[in-house]
């Protein structure tokens, strides 16, 4: 053995001496340079201090040692400070509330640790109105009017109960008749069922339904916990008491990251109103189908905890119900405070005043649900420690459930699994798997706050006392929360008040604007595919599994993905109403765009809705009450002994002097809608037999409607209607070209050529192929060579009108093919104009210009074209622009004898002057080349 070791040492020493290598650290590094950026990933470098000495040369240090190193630095994102816009002008003084307001918007939320916005966004001030308030008192008809203006049934007057809310229905009553034979207590916490709910904040708001109102009906319900029944309010359809505390309904969920815990911001839910209409709002609330904490403080706390390390989460929750309830579908009694707020809304739309309704009362109300409590904890675990524990996700969930049953609920005969106490994570904490968690976030709802706080787990705590959970459970019965609920829009409650229809429409408009303020589209993209979420005026980053850090900028060692999922940018403003009386808005999947295999945005890219407009003179918002909201319906037919019923007008036409019945011999006039014109005889005459004498008449379109194209395309000029002969140009973003013709002309009632619905943009391969070369050339290594018309021009390029001097004919050619052939010294091809060849002045001038060009002394390349003596090249458009005659040079060899206009005299002009006059389309006859003889 010793001999073998000596032999090994001798061989090793011989090898080292034979191939000596450079010890690079013999030459020290300089200090790292300053970072090139203070944030957003800069670079810094250092250099090796080389001394070219004998050692350096003999040991091949030049080949072995690296001389410079570079590394990333300051990779944290630059802070984005919150930015507010300027206040707009004061609104008009509203005559109904005698207030005016001014608003400003959040131009940019804070992000990545930037300064937050703390200043108010709305300012109000009292004012003296110059107009009269159009809001009239509600007509109670045969009902009793309360002092507050509320209308209630006559039978509720003098019944010993405060049905008006201001006790005006019990004033000056002689004798009262009680509704119930005895007094009943209200259902405990019944007022919670009448609260509004803010779907964006995920929390209850002010009272919208008055659940102390019983409507003169003595309806009771009994609980198994008490001997005395409770009085059921008029707003509730039914109530059922129950207490659910089953031990086997403890549920656990595993989350690799928080993105799946909060709802996707693109999800939409449609809420139908009682009036039959519906509108869509984002779902950010908890219901029977979804549990979401996206916008409350607990979710923010969870996000901040996940920033500290790569984390996974286990959520354990249990629902305890005290009672279930269902709200009536109609005839709901509003709370006094909500009714007063609605009555004080102005008639004219004011975004600031209408938005306050949602701040104070939420956006929805409860249509059904339960009162009770939810035991709900979210445990944060280190992803690395969970992985090293050896447990699967299902096993980890099971261990949390078992330990909660034993140490929180104190369920007897709980069998503890061996793997839950002997895994690597539990062994560090005396057999407790939960003690291995980094943190817990309490999502507990219901019960007394001190008992709920006692249930929250803290790292290193000794555990709960046996009575803690049972004390909280008992307190839930007295202090419940609304859980497992369903919602309807608060706008549906705005009924049976003065100007109800007008105010409902204003609230719907305000809700759309209000919801847009909570859209995370305003946030900048988060690093490592994090999902941005907007909390107030601050953007937070929800980290994907395998990432962490204040802004998700750090990666765990096993994080390999570099995909970037797409997120929606913000919606554009609504377009103006087009000829079909619709308007639209769009958004782009560009915040960021999907990259490296990332997911595309889900949801609609374009929204369209009908326009609302008035056919009468605009004198401000009309006061429309519920009973005045009429729609156009077919009027009942009127029977008469003589005359003619209303005739049917042609498509896209209407009767100017419209009525139900016309006398014998009376004429009606047919008119056409905007954009159409009458063709034929436009008068009908009523005959004695009750029929109409009418000739052929129709409404033909005399304008083209703005075409519907893909959102990526831009239409220039952008108009609602285009007259016959007008053209549009379709363009794409930089780096893309239209995958088809780009120029279209309105001819008759349609576009020529027809515009395909599938027309879109494609990558500008021509520009990419060209590189830094001239038009018609492509880059081949460091050289520029001519493109091949056959190989390089298979993709679409715009049409050009081209003249071939060999065949003495003109034709339409793709731009790529024309440029390639021109580059290959095909001099017989001449550019005439952009677009397909069509008869007209543009083609005539192009042909004449080509004939003149043969004598031009100047030939300057300019885009597709070549500029001649009478032209200059525009740097901004790459097109030839004609000079004015005074700008031409004097004299020259190329002279012409011409006659100007109707003049009989002859005049000698040079080629530049001739070209400028013909370019201006002025009349001129060329008599012969050369000077005039006389």
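Cβ atoms are placed via backbone N, Cα and C, with glycine included.
Swiss-Prot has this to say about the protein:
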type	residues	note
SIGNAL	1-21	signal peptide
CARBOHYD	29	C-linked glycosylation site
CARBOHYD	32	C-linked glycosylation site
CARBOHYD	38	O-linked glycosylation site
DOMAIN	81-134	domain 'TSP type-1 2'
CARBOHYD	90	C-linked glycosylation site
CARBOHYD	392	O-linked glycosylation site
CARBOHYD	568	C-linked glycosylation site
CARBOHYD	571	C-linked glycosylation site
CARBOHYD	574	C-linked glycosylation site
REGION	611-688	region 'CCP 1'
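Taking the glycosylation sites 29, 32, 90, 568, 571 in turn and counting surrounding C-beta atoms within 10 angstroms, the largest count is reached at 568.
Under the DSSP three-state reduction, residue 571 (C-linked glycosylation site) is assigned to coil, being neither helix nor strand. DSSP labels the residues of the domain 'TSP type-1 2' (81-134) in these numbers: 0 helix, 18 strand, 36 coil. When the glycosylation sites 29, 32, 38, 90, 392 are compared by Cα distance to residue 571 (C-linked glycosylation site), the shortest distance belongs to 90.
If you take the C-beta of residue 574 (C-linked glycosylation site) and look for same-chain residues 6 or more apart in sequence within under 8 angstroms, you find 583, 584, 585.
When the Cα of residue 392 (O-linked glycosylation site) is compared against those of the glycosylation sites 29, 38, 90, the shortest separation belongs to 38. Sequence-distant contacts of residue 38 (O-linked glycosylation site), defined by Cβ-Cβ distance under 8 angstroms and a gap of at least six in the same chain, are 74, 78.
Rounded to a whole number, the C-alpha distance linking residue 90 (C-linked glycosylation site) with residue 568 (C-linked glycosylation site) is 33 angstrom. Residue 392 (O-linked glycosylation site): 12 other CB atoms within 10 A of its CB, across all protein chains.
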